[in-house]
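S.K.: In case it's useful when we look at the structure, here is the feature table from TrEMBL:
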type	residues	note
DOMAIN	162-295	domain 'Glycosyltransferase RgtA/B/C/D-like'
TRANSMEM	12-31	transmembrane segment
TRANSMEM	37-54	transmembrane segment
TRANSMEM	74-95	transmembrane segment
TRANSMEM	160-180	transmembrane segment
TRANSMEM	192-211	transmembrane segment
TRANSMEM	239-271	transmembrane segment
TRANSMEM	283-302	transmembrane segment
TRANSMEM	425-447	transmembrane segment
TRANSMEM	459-477	transmembrane segment
TRANSMEM	483-506	transmembrane segment
């Protein structure tokens, strides 16, 4: 790609992305039904806190700490252990009842326990569920292997709830460490330590995230993808492209909304100067081959290995699988984000009509709902989806509200249950930083748009590309704030660019006018 075309594409992207995130930030603040003024004040406090930390990271003492290998390792170890301890505390406090928070969660853990104790059954207990939702098969496979290890060590007396909590915490911890090492390669030692600290300070990591489900379990795989891409860019070794492809496949099979990462990666790779044309083709080919290989081979392994029973994958897919267009259809229902009647409608088509026909039917209903509203009504509906998706900086509240039999019985749990005084603290702290991230992301994009320097398709561009892609996906997908959880690392890194923009602006304002000598 020529330099002129690259510059044009990057400018066009930043124009669209900056406008989109300014719109997201102010729309979600203005139409925030809970307490728009209080949330705005919290966001201002969040920005001031991040600016203070950014100024600290530029100080001589902090820079000396970050550049000294021994002291830096101590700081990184302490931050990672503090994060690990906080996650473990939250997970253990939610240990007894975590399977009651979500029907999907209960099915996955019950099946994993069954297979861990008695592998190679004739048929899974809840086989139809995994035929219907195949993207949860990898999650089942991971939990099965983890539970099997615990069962081999502890026997029949093993506490599988504890095993699940530990696995979830280890995944969050691994994501945190991968995040730091990725940030260090792009931002340097000081700002990477700053980003690592901000991660530890962000309350949503200790709420619903400590419940072992796909949101948390998928996070290290998404970060592994970014880390491998970073190493690919720095070393230009095709093996890192292959590793990135494998990580991308595993991330996507754990969380469908990570499809955005796949598209963003493909776009980002096109902009990368990976050496000679032949080497670049080898890097991209390695990524594509491993991604396609995992997406193709894992379902075959799951259906034919016998660990979860042997079944005809194609026949079960045609009979049971929920079509992708079902989620597009349901996203256009004013009673969303999840609608029981829409689920019953799609479920009623299963077993009678093939998958491709069910896809067409759901797509027809999607277009019927869109066309039944005039242009202004569609704009208003889409705005409502944007607000409902991005206004909740806890990324979890709907998960706790929808469960009627989940009763907090500890001081820690009261932080995460709406209606308690402690939750008010959790909500304002989470939303303050969440909206600070959004506003700083928009500021960073705007600064790059106006920059006279040559724009680079660097790691920050990749983060901004992923966030913009998620914004576009949520315009047509289910509107759940929980789906944003996997993009928190990219929000934190994109916010660093915004902090740089505000720091540069402040320096320009404070700079004294140069006067000519008398």
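Every residue gets a Cβ built from N, Cα and C, even glycine.
Worth saying up front: this structure is predicted, and the values here are computed from it rather than measured.
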S.K.: Do we see three or more Cβ pairs under 8 Å linking the transmembrane segment (425-447) and the transmembrane segment (483-506), pairs being at least 6 apart in sequence?
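M.R.: Touching, yes - the transmembrane segment (425-447) and the transmembrane segment (483-506) meet the threshold of 3 or more Cβ pairs under 8 Å.
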S.K.: If you run through the domain 'Glycosyltransferase RgtA/B/C/D-like' (162-295) with DSSP, how many residues end up as helix, strand and coil?
M.R.: 119 helix, 0 strand, 15 coil
S.K.: May I ask which of the stretches 74-95, 192-211, 459-477 has the most CB pairs under 8 A with the transmembrane segment (483-506)?
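M.R.: Maximum Cβ contact count belongs to 459-477.
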S.K.: Of the listed stretches 74-95, 160-180, 459-477, which one has the most C-beta pairs under 8 A with the transmembrane segment (239-271)?
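M.R.: Answer is 459-477, with the largest number of Cβ pairs below 8 Å.
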S.K.: Which stretch, 74-95, 160-180, 192-211, tops the Cβ pairs under 8 Å count with the transmembrane segment (37-54)?
M.R.: 192-211
S.K.: Do any residues of this chain, six or more beyond the ends of the transmembrane segment (160-180), have a C-beta under 8 angstroms from a C-beta of it, and if so which?
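M.R.: Beyond its ends, the transmembrane segment (160-180) has Cβ neighbours at 76, 80, 83-84, 87-88, 91-92, 94-96, 98-99, 109, 112-113, 116, 142-143, 146-147, 150, 192-193, 195-196, 199-200, 205, 209-213, 216-217, 219-220, 222-224, 226-227, 489, 492.
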S.K.: Mind checking which residues of the chain, 6+ beyond the ends of the transmembrane segment (192-211), have their Cβ under 8 Å from one of its Cβ atoms?
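M.R.: Cβ under 8 Å, 6 or more out: 50, 53-54, 56-57, 62, 65-66, 72, 75-76, 79-80, 82-83, 86-87, 89-91, 94, 98, 101-102, 105, 165, 168-169, 172, 176, 179-180, 183-184, 393-396, 399-400, 415-416, 426, 429-430, 433-434, 482, 485, 488-489, 492-493, 495-496.
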S.K.: What average pLDDT does the predicted model assign to the domain 'Glycosyltransferase RgtA/B/C/D-like' (162-295)?
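M.R.: It averages 94.
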